Amino acid sequence: MNEFERVRAYLTDLQDRICAAIEAADGQARFQEDLWQRAEGGGGRTRVLRDGAVFEQAGIGFSDVAGSRLPPSASANRPELAGASWRATGVSLVFHPLNPYVPTTHANVRFFQAQRDGEVVASWFGGGFDLTPFYPFDEDVQHWHRVARDLCAPFGDERYAAHKRWCDEYFFLRHRNETRGVGGLFFDDLHGDFERDFDYLRAVGDGFLDAYLPIVQQRKDTAYGEREREFQLYRRGRYVEFNLVYDRGTLFGLQSGGRSESILMSLPPRVRWEYGFNPEAGSAEARLADYLVPRDWL
């Protein structure tokens, strides 16, 4: 297999493994699969689990798509590639748990190639994972970052610090002056050594469940009431704001004529906004603000 096909094979297997693990953790609902084709080239398989015992909605999509001209969002940092044809493959997921004490999470791993006259002129990896709690626990956040740090260790002493910082900077809502959550890892435009970079992509993809599932198991049976549920729905609004205003993956998908249903799968099934909402001073809800700033968790 060529490089692209090797990455593609890994990603389809990763989607299968994550789906199996999430179904087992939920214990009730199953993923429904939607196979789709893209007119300009390629397609994918979108899988969504709804109304489970643990997950209100969990979406995970695989795609392998191509186009004749890079959209502006993809060539903004690489102007020399403007107008090149392209092919991209990736797995992207967002899980929205029902229990407000279980954090929302997002992960993405992807590979991109730009071509001119049928020849690959550039290729790179991107991805990461991040965590968005509503009622955070220090031990959960520390576990999350410990897994991230440990999977980065074989790739150099600076890898975790650099990609954690990139995550903090990327998942930041400037109009709210807060991070989307407690961070994790984020990277883009990783190139130069295909085998080493592919190893890192696999470490991130394979490490996601190690980081997330123990938190799910720890919090999924925590008792909650209407107050916690209402706060969860309110904070989900921040997720919507980020994805529709800032997220490059969303913008790329929409600009490249992607499949809207799959692109917007990341949005929560239920959400609310409230004008002028301020949590009660000293409350668990007010405490969340202390976590929405970049911090060294380890």
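Quick reminder: no glycine exception, Cβ is built from N, Cα and C everywhere.
Among S85, S92, S123, only S92 appears in Swiss-Prot as part of the substrate site alongside N108, V109, R110, G257, G258, R259. Per Swiss-Prot, the range carrying the annotation region 'Important for dimerization' out of 131-166, 239-274 is 239-274.
With respect to their backbone Cα atoms, H145 (divalent metal cation binding site) and N108 (substrate binding site) stand 17 Å from each other. The DSSP breakdown of the region 'Important for dimerization' (239-274) into helical (H, G, I), extended (E, B) and coil residues amounts to 22 helix, 0 strand, 14 coil. Residues 34, 36, 38-40, 44, 46, 48, 50, 56-57, 59, 61, 63, 65, 67, 71-74, 92, 94, 96, 104, 106, 108, 132, 171, 173-176, 180, 230, 233 of the same chain lie 6 or more positions beyond the ends of the region 'Important for dimerization' (239-274) yet place their CB under 8 Å from a CB of it.
With respect to Cβ neighbours within 10 Å, the binding-site residues G257, G258 differ, and G257 shows the lowest count.
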